[in-house]
Amino acid sequence: MKTIFALSSGRPPAGIAVIRISGSAAADTACLLTRKKIPEARRAVLRNLYDPDSGEQLDQSLLLWLPAPKTVTGEDLLELHVHGGRAVIDAVLKTLEKLPDLRPAEAGEFTRRAFENGVISLHEAEGLGDLLTAETASQRRAALMMSGGALGRQISAWQDRLLALSGQIEASFDFAEDIEEDETESRQHLAVMKDKIAALIAEHRQFENRPTMERLRDGLRVVLAGRPNAGKSTLINALTGQDIAITAPIAGTTRDVIEVSFALKGIPMRFSDTAGLHESDDLIEKAGIERAQRAIEEADILLWLGQAEEAPKTDGEVLVLYPQIDLPERHPIPEKIDIAVSAVTGEGIDRLQEKLVEIGKKILPKEDEVTLNRRQRQLVKEAADSLALALDAEDMLIIAEAIRQACRCYDRLTGKAGVENMLDNLFSRFCIGK
């Protein structure tokens, strides 16, 4: 397997750039570049870097030599901390390309080697991928929990309990001829075992029923809807603090769904400004209204700017808003209103934002709970379904097989088996150098 290299720090220019080299040729590379022996392990040293062919000095670098297996990839690892100018980085990378047994790393290849060498598990790699794409505080916390091994610890706890049950079953097979157990004792033993399995299933179902990491990544779907010129565009600008939608006193300014992602107190949200709902013969406007209706159907929260009895049906929560309360003609405020707001004066905006955050915390994953992605949730479900077969069984062989099937799901969760077809997709999400 060839040794790989890549720029592992951010884009230049920068104060310092870190170039990472991983593989069996890392030590020889250090000697070639510095014209000196390999330095002491895990101790940063200052070395001049040279082009082995021309002898030209490339830079003065802080060099860190990390021998396998205690490295981030499980392989010999060399880090070059060079000056972060583009010319310096380009010169070092071009020199590395010319060296034997070296090639540029592909996206996520350092992390993939860490997984293949047993440094991290599959779910930890997935958590790291989510951490790299996290844009809000809640996404960051969930990804850190996963990459820190929270799911692995839960799986290990489940496995230990199943292995204990499996050991009891094996013992009953081994000593069946030597120990006579009356029917009452046998049924009691089976009932206790099934109670333990039922408790495990209940724990699996709790994980299965939680919102997924994809749900957290996509954010809360908040849709603003109402009749034309109801103040939707002005309100979305006020809610996000951005100039998202065109506002004008002319009805029908918005003809399509305008979306913007925004975080309120760390809660990711995707706001959608929609076309005003009314009868129209204009083909373009009708298309916009149809898209608005689809957005309403998919909304987690519908902010309805209109009369409560006219609010569309949706599976999500509906907040009836009464906008433009800065205008005298908008008073008195009618009943059946959740929040009265003014995008001009800001009245009611803070209250509306607090309400959105409150609902978001109920819908999105909780910060103190392990958040699974769809693949992980499906495997937890399959493990629970396998264990459920044991609840109706009277034969210990069937129960033992149900436990084995559940354990195979755990192996797929951690990446010990049956995951080759999804690895390329996972690691392609990583940047080069990670």
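Any Cβ shown, glycine's included, is placed from N, Cα and C.
Long-range neighbours of Arg20 ((6S)-5-formyl-5,6,7,8-tetrahydrofolate binding site) (same chain, six or more residues apart, CB within less than 8 Å of its CB): Phe5, Ala6, Leu7, Ser8, Leu77, Leu78, Glu79, Leu80, Ala105, Phe110, Gly433. Residues annotated as (6S)-5-formyl-5,6,7,8-tetrahydrofolate binding site in Swiss-Prot: Arg20, Glu79, Val119, Lys434.
In three-state terms derived from DSSP, Lys232 (GTP binding site) belongs to a helical segment. Look at Swiss-Prot and you will find 229-234, 248-254, 273-276 tagged as GTP binding site, backed by sequence analysis.
The Mg(2+) binding site annotation in Swiss-Prot covers Ser233, Thr254 and rests on sequence analysis.
The domain 'TrmE-type G' feature in Swiss-Prot is assigned to 219-361. With DSSP classes pooled into helix, strand and coil, the tally for the domain 'TrmE-type G' (219-361) is 43 helix, 34 strand, 66 coil.
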Looking only at DSSP and grouping its letters into three states, which state does Val119 ((6S)-5-formyl-5,6,7,8-tetrahydrofolate binding site) belong to?
coil
Out of Val119, Ala275, which of the binding-site residues is least crowded by other Cβ atoms within 10 Å?
Val119
When each of the binding-site residues Asn229, Ser233 is scored by other CB atoms within 10 A, the minimum falls on Asn229
